[in-house]
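S.K.: Heads up, here are the entries from Swiss-Prot:
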BINDING   A142, G143, G144, T145, G146, S147, G148  GTP binding site
MOD_RES   S131  phosphoserine
Amino acid sequence: MPREIITLQLGQCGNQIGFEFWKQLCAEHGISPEGIVEEFATEGTDRKDVFFYQADDEHYIPRAVLLDLEPRVIHSILNSPYAKLYNPENIYLSEHGGGAGNNWASGFSQGEKIHEDIFDIIDREADGSDSLEGFVLCHSIAGGTGSGLGSYLLERLNDRYPKKLVQTYSVFPNQDEMSDVVVQPYNSLLTLKRLTQNADCVVVLDNTALNRIATDRLHIQNPSFSQINQLVSTIMSASTTTLRYPGYMNNDLIGLIASLIPTPRLHFLMTGYTPLTTDQSVASVRKTTVLDVMRRLLQPKNVMVSTGRDRQTNHCYIAILNIIQGEVDPTQVHKSLQRIRERKLANFIPWGPASIQVALSRKSPYLPSAHRVSGLMMANHTSISSLFERTCRQYDKLRKREAFLEQFRKEDIFKENFDELDTSREIVQQLIDEYHAATRPDYISWGTQEQ
């Protein structure tokens, strides 16, 4: 019984990474850009219907909703070879097409105006599923549409579908270069409040780290957006392989999430992937064994979140799930886990078991791969809080000077006062505090003393 997942793509970033994700899924399942199953795709052991459904003429259509407040990216998708893949009724562009101007408040208040049209699309998709498991939201947190409209939709999804899971792939801004969005810290903080309160699981895609990996590991001098987005689509497709090539465990979203998130608020995950290769570097193929892959996944340089060195806090893993793709002998997995535990390659929380789970998954039979084994690590690690601390520091600088707030004042939510900003700041601070508390043995009783 497949549990379907509806993908919501928001704004420029969300639609670009979503586009790469669907390209990747089509390649893995042997589906042509028009949605027709290729003649060579005869192995019927994959589950296409988690992410696709079939039209009357047998071609596959993604369960995706494409939303944007300005037309550029969606038009480029509609002019690509994949234009016929999507259901045109599932594409929503706002009528005036002016975008949200990288302003969270603008994206949020436009969400209030257009949410009925958007939910007509989402409800229709949900009604077309046999047993909908949840939603996956792709967006960035720094701009206007992905952050503002994304925040609004997260709140509404919780009201409308309280029992469905909401997982997000959230792109965090690149800290190494100057941003062209001056209000980025405001946008990020306001979105983080919703990600904390309204999502069940947030996969953090940190542009700072993705750029670093592209330059250091893939040796690309100035990585373009499309190269970074390919990295992202690799993560997204690898994190859903167990849903699409079902094994005996982790073959639905709740199974993936349950093993990684023991306490509800600490649901921000980081990812690592190995071995990374681009088309040019196939020459550097090594022999990959399960132990190699699992050991490399624990190396900080393969982790796609740039967390600073925090000497005061003893950061540790809350839980790890490694999704290993390829030809793997299960006894090897057991040995590798023992080796990792013996050598203490990973530092775990003091208040619970050292949870490293391994899900084995097949590779797509239709994609040539240079490696026998590749792996994706999804980890819940307390050092993710340093990302939120960085956002808070930047926010505090701007807020102290009340910089750029007049852009927000124009919208209803900030007409009277800026309480929404201040409560968001408090909620993100509580999240940071809880991550710090999770590094200590007394975390189990944390939050009970204060009341």
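All residue numbers here begin at 1 and follow the chain in the order shown.
Any Cβ shown, glycine's included, is placed from N, Cα and C.
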S.K.: Where's the emptiest Cβ shell within 10 Å among the binding-site residues G144, G146?
M.R.: G144
S.K.: Please work out the number of neighbouring Cβ atoms within 10 Å of the Cβ of T145 (GTP binding site), leaving out its own Cβ.
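M.R.: Result for T145 (GTP binding site): 31 neighbouring Cβ atoms inside 10 Å.
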S.K.: Using the Cβ center of A142, G143, G144, T145, G146, S147, G148 as the GTP site position, which other residues in that chain lie within 8 Å, going by their Cβ?
M.R.: L10, G11, A100, N102, N103, W104, G107, H139, S140, I141, L149, G150, N187, T191
S.K.: What Cα-Cα separation, expressed in whole Å, is found between G144 (GTP binding site) and S131 (phosphoserine)?
M.R.: 32
S.K.: What whole-number Å value do you get for the CA-CA distance of T145 (GTP binding site) and S131 (phosphoserine)?
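M.R.: One finds 29 Å between the Cα atoms of these residues.
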S.K.: I want to check the contact list for G148 (GTP binding site): same chain, sequence separation of six or more, C-beta distance under 8 angstroms. What comes out?
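M.R.: Looking at Cβ-Cβ distances below 8 Å from G148 (GTP binding site), excluding near sequence neighbours, one finds A100, N103, W104, A105, S106, G107, F108, S109, Q110, G111, N187, L190, T191.
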S.K.: Taking the Cα atoms as reference points, how far is G146 (GTP binding site) from S131 (phosphoserine) in Å?
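M.R.: The separation of the Cα atoms works out to 27 Å.
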S.K.: Highest CB neighbour count within 10 A among the recorded positions S131, S147?
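M.R.: Buried the deepest by this measure is S147.
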S.K.: When the Cα-Cα distance from S131 (phosphoserine) is computed for each of the binding-site residues A142, G143, S147, which gives the smallest value?
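M.R.: Comparing Cα positions, the candidate nearest S131 (phosphoserine) turns out to be S147.
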S.K.: Using a 10 Å radius around each Cβ and all protein chains in view, which of these binding-site residues has the most neighbours: A142, G143?
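M.R.: That would be G143, with the most Cβ atoms nearby.
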